Structure formats: C-alpha cells, structure tokens
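These notes concern the structure reproduced below.
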Amino acid sequence: MSTVLCCVLVLLISVALCMDFEERPSSSWRSEQTMFLKSHKSRNLLSLRDLQQPDHGKMKRSEESAQNQCESLHGYQSTLQNDTHTHNFNDLSGSVSLAWVGDGTGVLLVLTTFQVPLFIMRFGQSKLYRSEDYGKTFQDITDLINNTFIQTEFGIAIGPDNSGKVILTGDLAEGKVTKIFRSVDFGKSFVTSELPFHPLMQITYNPKDSNILMVYSINYDLWLSKDFGANWKKIHESVCLVKWGIDDTIFLTTNPNGSCSDRGTLELRKSLDYGKTFKTIGNRIYSFGLGGRFVFASIMTDSGSTRMIHVSVDQGETWDMAQLPTVGHEQFYSILAANNDMVFMHVDEPGDSGIGTIYISDDRGIVFSKSLERHLYTTTGGDTDFTNITSLRGVYITSVLAEDGSVQTVITFNQGGEWRPLMKPWNGVCDSTAKHPSECSLHIHASYSISMKLNVPMQPLSETNAVGLVLAHGSVGGAVSVLSPDVYVSDDGGYTWFQALKGPHHYAILDSGGLLVAVEHNPTHPISQIKFSTDEGQCWHAHNFTDDPIYFTGLASEPGARSMNVSLWGYRDTILNQYWVSVTVDFRQLLSRDCQENDYIQWLAHSSDINSPTDGCVLGYKERFLRLRRDSVCWNGRDYKVTKEPTTCPCTLTDFHDFGFYHEENSSVCVEQPDLIGHSLEFCLHGRKEQLQTSGYRKIPGDHCEEGITPERKEIDLSKKCVSNLLRTEQLTKEHSFNSAPIIAVVIIVLLISAVAGVIFIKKYVCGGRFLVHRYSVLQQHAEANGIDGLDDLDTLEGGKTHYHDDSDEDLLE
C-alpha cells in the first residue's frame with residue numbers, strides 16, 4: 001500500500017512541476033513535459049534543420065572513441081581506500097560555510113553555526129575549523145575567535161590573490177560594538193578589532209591591495225581602512241551604492257537629501273585618492289555598473305518615466321549616449337558579460353513577459369547590434385541561463401522562450417554573432433514529445449530551472465584550463481524537460497555532446513580536466529559512492545568511500561580545477577542527533593605517473609570542416625591546443641599550463657555583425673532592414689552627432705582577422721551637438737562669450753531656443769532610437785548577486801560579490 005501511495009505522490013509532484021515550470025494555463029501533460037521554440041525564430045538563430053549540413057556533422061573526439069569499450073581500471077579501490085579521510089564535526093550546527101584560503105595552500109576554513117530564536121532574542125553559537133591538507137584533517141580553532149558568534153550573512157571574507165588574509169565579522173549583541181577577527185597568516189592566528197560603526201554588508205577588499213578595505217555602515221556611511229582593518233575612517237555619507245573600479249578608483253552614488261529610495265535623482269561620484277576627495281561625474285543617476293573598461297550609468301530622462309544608458313571608457317570623465325532602447329519603470333537593463341572589447345547587454349521587453357533582447361556593443365560601448373531575441377530573463381527572481389563557457393573562447397549558452405511558453409537552449413560559438421540549438425547527443429535518445437526528428441536537440445538546465453525548483457543540483461561547469469570540457473544537466477527532446485535531467489559532457493566546447501551519467505549529480509573538474517568526479521544527487525537517501533572518470537567522462541568508475549552512508553549535501557574542491565582532492569559534505573542522522581561529516585578523497589596516487597610529451601595530442605578548436613582553409617577560424621583566428629590523450633591515465637600537475645598556437649585568419653563576412661541589416665536564413669550576407677531603407681544611421685559621439693555609412697557590416701569586437709573582405713564603413717561628423725542628459729543644463733550653456741552685451745543677450749536667447757529644440761529633436765529621433773534599430777540596452781537588477789556590476793539593481797548592496805556571470809558573467813541594470 002505504501003508503495004502505491006509513493007508512486008501516486010511522485011506522479012502528482014511531477015505534474016505540479018510541469019505546470020509550475022511552463023506557466024501555461026492549459027495543455028496536455030505530454031506537451032508540458034518538453035518544450036521547443038518553433039514558431040518564432042530570431043534572425044541570428046539557426047534552426048536544427050540548418051545544422052543537418054555536412055559541415056556540422058563531423059565526428060568529434062567523444063564520438064570517435066565511442067566504439068572503444070571501457071577498460072577496467074585495476075587496483076584503484078584499495079589505492080583510494082587508503083587515501084579516503086573522514087572527519088566528524090561533533091556539534092549541533094545547523095549550517096556550514098566553507099572557504100579556501102590561498103591557491104595551492106591546502107588551507108580550508110569551515111564555519112559552523114547554530115541559531116535558536118527565543119522570543120525577541122536569539123541564541124547562537126559558532127565553531128571555526130581549519131585544515132591544512134585539503135580537508136583530510138581539521139583542527140578546532142574556535143578559541144582563536146574567543147568563541148564569538150559569527151554573522152553568517154557576512155560570510156568568511158578572503159583576501160585577493162594569495163594574500164592569506166581572512167576577516168570574520170562578529171555578531172552585534174546588546175548594542176555593543178561590532179568586532180572583527182583578522183588574520184594575515186591563512187587563519188593560523190587572529191587579531192580582534194572593534195569597529196566604530198555597525199556594518200551593513202561584508203567587508204570588501206581592494207582587488208589590488210588587500211590591506212585596503214571598504215564597507216557600508218547601517219547608517220549608509222562609507223568607511224575605509226588602509227591598514228587591514230586596524231583603523232577606520234568615514235569617507236562619505238548617504239552612500240547608496242559603491243564599487244571598486246580599476247586603478248584603485250572608488251565609484252559611488254549618493255543623494256544629498258539622504259534618501260537612496262529616490263532613484264533617478266542620485267549623483268555619481270568617484271575618488272582617486274581613497275576618499276580624500278570626490279568628483280561628481282554624473283547626475284540624475286538611477287544606478288551604475290562596471291564591466292571591463294566600461295562604466296555604464298542608467299539615468300532618468302526629462303520625462304521622468306523612462307531611463308537610458310550612458311557609457312564612459314575613461315572612468316567617467318566623458319560620457320556618450322549608448323544607442324539602446326529606453327526602458328520604463330517596469331523594465332530593466334542587464335550586463336550579461338563584458339570585457340575590454342565589448343559588452344553583452346540584455347534589454348527587457350515591456351510588460352511582465354520574462355523575455356528581452358540581447359545586444360552586443362562595439363569597442364566603444366556606444367553602437368549595438370541585435371544578437372538574440374526572446375531571451376529568457378525573468379524579472380521576479382532575476383534568473384537567466386546566460387553562461388560563459390570558459391573552456392573555449394567565444395562560446396556562450398542561454399535560453400530563449402517560444403511564443404507558446406516553451407523553453408529552448410541555444411549556443412553561440414562566435415561571441416553572439418550567430419545562435420543555434422545544441423546538437424543532439426550522439427548517444428542520447430530523443431524524447432517522444434519532439435514533434436519532428438529534426439527538432440530533437442539537447443537542452444541545458446541552469447539558473448532558471450534551479451529557480452523553478454527542478455531536480456537540478458548544479459549549473460553548467462567549465463574551466464579555462466580544462467580546454468573544451470563542459471559538464472551540464474540536460475534533457476534531449478523538443479524543449480527543456482521538467483523531469484529529472486541527466487548529466488551530459490562536451491569535450492569540444494559545446495559543438496557535440498554525449499550522455500555521461502544517468503540522473504542528476506554533483507560534479508567537479510580536477511587536474512585541469514584529467515579527472516572528473518561526480519556524486520549522485522539524492523537528498524532523501526544516504527549515499528556511499530563517488531564516481532570518477534579519467535577519460536573526460538567517457539567511462540566512469542565507482543569508489544565506496546564509506547561503510548556508513550551519509551546524507552550528501554555538496555561537493556567541494558579547490559577553485560581552479562588543479563587539485564587532486566575532493567571533499568564530500570553531508571550529515572549522519574542518528575536517534576539522538578545529527579552531525580556534519582566531511583569525507584575527502586585524494587586521487588593523487590591513482591594518477592601516479594606524471595604526464596609526458598607523448599601523452600598530449602594537437603587539437604584544433606572550433607573545427608568543423610578539415611578541408612576548408614578557414615576551418616577553426618573564430619573571431620579572426622584559429623587556435624591549436626595540446627590536449628591530454630583520452631587514454632592517458634597520468635597527472636597533469638598543478639603547474640600545468642594550457643599550450644596553444646594561434647594563427648590569424650583572413651576576414652570573411654562571418655567576422656562582422658549586422659548593423660541596420662540582418663542575415664538571411666542560411667546566408668552570411670547582410671540584407672537591409674525594410675524599416676531602415678532610405679534612412680541614415682546616426683548616433684552621438686562625444687557630444688556631436690555622427691552619421692554612419694555602412695554596407696550593413698560591423699566588425700565583431702575582439703575579432704583579429706586581417707585582410708580578406710573588408711566592408712566599407714565611414715563616420716561623418718554632422719557638426720550638430722548632442723546634449724547628454726548626464727550633464728546639468730547650466731554646464732552646457734557656458735561655452736560662448738561676446739564683447740557686446742546686447743549681442744550676448746540676443747545670441748544667448750537664440751542659442752537657448754535652438755539648443756532646446758535640438759536636444760528634443762536629437763534625443764527623440766536620433767539618440768532615442770527612431771532610426772536606429774540595433775541599439776544597446778539598459779542593465780538590470782540583481783547585477784551584483786550574479787557577479788557582474790549592474791546598473792539597475794534594486795538591491796544596491798554589493799554584499800561582497802565578485803565580478804561577472806562568466807564564472808561571473810552577469811550584470812544587471814535598470
């Protein structure tokens with residue numbers, strides 16, 4: 001009877017998840033199970049039928065070895081058994097926080113906390129543990145922080161690079177002063193300091209100097225320390241948002257009336273001398289964001305109901321209007337990714353549609369091309385699947401929303417120039433709900449699926465030093481499935497995929513891709529096995545790490561994918577209590593042999609047609625890498641560096657974006673947009689109106705092609721002033737003076753009338769976007785929660801987050 005009830009319960013939960021995920025009022029269960037974008041196709045989005053061409057069907061590394069049987073790896077069980085280390089944390093902690101200190105040091109700090117609210121008070125305790133051997137053994141060092149309860153919301157603040165600096169913030173009790181605990185020796189010892197304020201956020205380090213710290217107070221005052229927290233000085237009041245810029249620059253927004261809720265009336269200021277002096281560089285600010293060498297400001301227009309983006313490439317000294325659509329109160333801008341060459345910007349559509357358009361900037365951040373329409377980006381939770389595949393340049397994955405509400409994964413291999421569905425895994429079985437065999441593809445689960453509470457424990461994973469490797473949860477069919485996903489692996493940067501593991505798993509990349517590890521995700525049942533692969537996920541082996549299974553909660557390995565140690569965290573549930581358990585497995589003795597020169601082979605990235613002279617050319621050049629042979633069981637080592645050989649390619653039309661034009665399907669030729677025929681493309685540059693003469697092509701930022709095809713492009717100075725909303729009106733009228741008072745009066749009146757008329761005309765018709773279709777978008781909220789700097793963040797506190805949704809490539813503005 002209990003079995004029947006369980007089955008019924010599982011079925012009901014599955015149906016509920018389907019309805020919750022799709023947000024559609026009615027449809028059959030079968031159609032809700034998977035979804036596919038069919039009815040609407042972006043101009044830059046290739047269909048699956050387009051990919052059935054010979055140049056896209058080349059057999060890849062994973063498929064070439066598919067016929068090889070997995071050979072048994074002898075003797076590994078006894079080897080790993082001797083290198084498996086278990087530690088029990090015998091306290092009543094309800095949560096655990098982990099932080100790696102330094103690179104290659106093996107130092108791991110673990111903070112356990114236990115809290116019990118009692119009426120208007122709360123009781124809590126913290127314990128601090130330290131490991132010097134990658135988590136194999138731990139020492140209780142709680143006495144070093146005087147048994148103080150640590151505020152877990154501030155986390156463990158680790159200094160940049162290999163500074164060895166650590167800061168813990170104590171809990172404020174009974175109105176007393178706040179204490180911080182500082183370490184300069186990787187947590188071996190701590191010094192206690194009292195703060196002259198109560199912090200509102202985690203203390204942040206200067207990225208280039210770990211002795212310089214900055215933090216908000218609960219009164220929105222900005223405090224700075226130059227001696228690693230020993231002494232503090234208040235450098236500004238009424239601070240709404242603050243960020244570290246390049247070259248020790250501090251950017252902040254403030255409101256003279258002290259209210260940060262009046263968005264659109266803020267001032268943007270910067271300091272080059274750690275707060276001794278501040279310079280106002282913008283007014284009417286809603287918010288601002290940083291990305292690469294760009295500074296973006298979201299400002300209110302004269303109407304007070306819309307916002308637009310201004311951009312600066314000289315740290316706010318001069319500003320230009322970004323050619324992006326304006327947005328209203330209910331919309332937002334979001335920087336998805338940025339570097340010194342370009343920016344991906346998401347512009348939200350009006351209404352609560354959950355979609356928008358991705359635009360790509362030029363190298364000045366001013367002119368934008370439309371990259372992808374119907375990009376899925378929910379406004380409520382700020383969830384987007386936009387992911388930078390760091391193991392291969394130019395590759396990004398995200399999701400689009402079809403008009404019927406279905407979700408589909410798309411990928412670009414040339415930095416947003418063209419998007420396409422993912423290829424069906426060569427060993428994958430297409431879901432029966434696919435309407436046509438040609439519509440069967442792989443769909444990746446990322447942030448959106450996690451936010452919808454699907455059974456997805458991890459987002460896609462890639463590492464810069466594990467060339468071509470990508471691990472992700474996904475499903476094969478017509479669209480994203482709400483059923484439990486499987487783990488898929490790509491060894492060529494996302495061109496081809498194969499199913500590596502059945503069901504959801506936690507996974508990690510070790511030894512620069514020479515070793516993959518995974519643990520089954522099953523919150524309701526204890527586990528005792530860890531799986532590992534030495535051939536990029538083709539074959540997997542199981543190691544029983546314990547005879548007493550644990551309820552598994554997470555996998556931890558040192559950042560950078562160079563370690564050979566991985567820790568499984570979980571808890572054991574006894575009759576009397578629960579306690580945390582850490583199991584660390586050292587795989588170094590498994591890969592006992594150092595890799596030699598003959599263990600590596602040459603691999604051409606982005607290869608699709610070996611007979612083409614441009615095979616592998618992406619963004620103007622091709623790269624050949626030395627990669628570990630699939631059948632080589634050896635140790636890359638911590639000092640392993642990616643070996644690559646770049647070769648410049650001649651320019652082709654694929655090295656250019658459309659501007660005022662669009663690609664015809666199955667063609668790289670730009671065709672002029674019907675609504676732009678007969679119109680000039682105009683934009684504002686450094687306060688003057690420019691006219692862009694182009695045959696429809698704009699070179700992709702960061703493209704290094706030489707010679708070959710070079711479409712004509714010319715900018716003409718129209719000698720007409722563009723007035724930036726970022727400057728005060730009185731600042732723009734102090735430019736001319738004459739000797740005669742009457743002439744001055746007449747000229748000033750004429751100039752004022754002309755200026756006002758010109759401003760209205762240019763803002764409305766030129767820079768506002770009547771003629772300009774490909775424009776850049778405003779940045780969205782929650783930018784910092786995802787890592788990149790955002791413009792229109794609703795939450796103005798950084799909270800100690802790092803940069804980008806690239807591993808951090810995401811920025812939001814509004």
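Yeah, the Cβs are placed from backbone N, Cα and C, and that goes for glycine too.
When you check Swiss-Prot, the disulphide partner of CYS651 from the set CYS617, CYS684, CYS705 turns out to be CYS705. Note: Swiss-Prot links CYS617 through a disulfide bond to CYS649 (candidates: CYS595, CYS649, CYS670). Looking up CYS539 in Swiss-Prot gives a disulphide bond whose other cysteine, out of CYS6, CYS7, CYS18, CYS70, is CYS70. Taken together, the residues in the repeat 'BNR 5' (310-321) have a mean pLDDT of 94 on the 0 to 100 scale.
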